[in-house]
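Copied over from TrEMBL, here are the features:
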{"type": "ACT_SITE", "residues": "71", "note": "active site, proton acceptor"}
{"type": "BINDING", "residues": "20, 21, 22, 67, 92, 107, 229, 257", "note": "shikimate binding site"}
{"type": "BINDING", "residues": "83, 131, 132, 133, 134, 135, 155, 156, 157, 158, 159, 160, 227, 250", "note": "NADP(+) binding site"}
{"type": "DOMAIN", "residues": "12-94", "note": "domain 'Shikimate dehydrogenase substrate binding N-terminal'"}
{"type": "DOMAIN", "residues": "118-201", "note": "domain 'Quinate/shikimate 5-dehydrogenase/glutamyl-tRNA reductase'"}
């Protein structure tokens, strides 16, 4: 769709943003849905965040995504935040409503949507999560909200895992929780795990030969999810696939969290499944398979 005086602007702010796929995803979706809008990525370091927000308001940019290092600090400049953003303590999506900025977090929602795509019922599940960073926090909070039975956080730094578990317990006290150090964990003693989720960067391009956890004795009924999407099939997922496990990569989570942002900005439901199917066939995403 051609740019004209009615074209709305949306954007990504963060540092660094040069490798982001967000402009490709959003502009493809806008074109496919005949939405008169364009999406750009702006390099904004932590010292320019306040000026950036003033500029967004002045230019009447209708919405924007937030990535590192601003997901927490952005909250200081918002008028309100959603329930999910409050739970997670971070914002990745902002809607501009006549100068009032409202923050949301679609990371966990995108993850949950990608599981439901596979017809996976989360209620009563025992989940092992690797890592305790921002992605782990978003995902674990949404899993707790969806009714999993138990969450075990595995991390190299035990204090960070403990803090995340304590934060989850404050909001969802009925769920079983545990945490441990990665070096001390023995998956052979955890045969009742239903889902393993890698929320670390271990195995990401260019370090594709690394795996976050040895799963040679994993139960074949375990679902193994790696939020990495470069490469689309990490060594971790390959090992799980060899054991007969259902494997899921991070591409659909990436796409869904972006499209859910659009639903928030536009205040309308989109045909998410069809857009995802179309996006997965595009060259700019297919080329990730080569990494």
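Any Cβ shown, glycine's included, is placed from N, Cα and C.
Overlay of TrEMBL feature records on the structure.
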residue: 20; record: shikimate binding site; DSSP class: coil
residue: 83; record: NADP(+) binding site; DSSP class: helix
residue: 107; record: shikimate binding site; DSSP class: helix
residue: 132; record: NADP(+) binding site; DSSP class: coil
residue: 155; record: NADP(+) binding site; DSSP class: strand
residue: 227; record: NADP(+) binding site; DSSP class: coil
residue: 257; record: shikimate binding site; DSSP class: helix
Discussion item. Helix, strand or coil by DSSP: which one applies to residue 67 (shikimate binding site)?
Written reply: coil
Worksheet item: Just the number: how many Å between the Cα atoms of residue 227 (NADP(+) binding site) and residue 107 (shikimate binding site)?
Response: 11
Worksheet item: What are the DSSP helix/strand/coil residue counts across the domain 'Shikimate dehydrogenase substrate binding N-terminal' (12-94)?
Response: 36 helix, 18 strand, 29 coil
Worksheet item: What counts of helix, strand and coil residues does DSSP assign across the domain 'Quinate/shikimate 5-dehydrogenase/glutamyl-tRNA reductase' (118-201)?
Response: 32 helix, 21 strand, 31 coil
Discussion item. Tell me which of the binding-site residues 83, 107, 159 sits in the most Cβ-dense spot, judged by other Cβ atoms within 10 Å.
Written reply: 107
Worksheet entry | Confidence summary (mean pLDDT) of the domain 'Shikimate dehydrogenase substrate binding N-terminal' (12-94) | 96
Discussion item. Just checking a number: largest C-alpha distance across 83, 131, 132, 133, 134, 135, 155, 156, 157, 158, 159, 160, 227, 250 for the NADP(+) site, rounded to a whole Å.
Written reply: 29
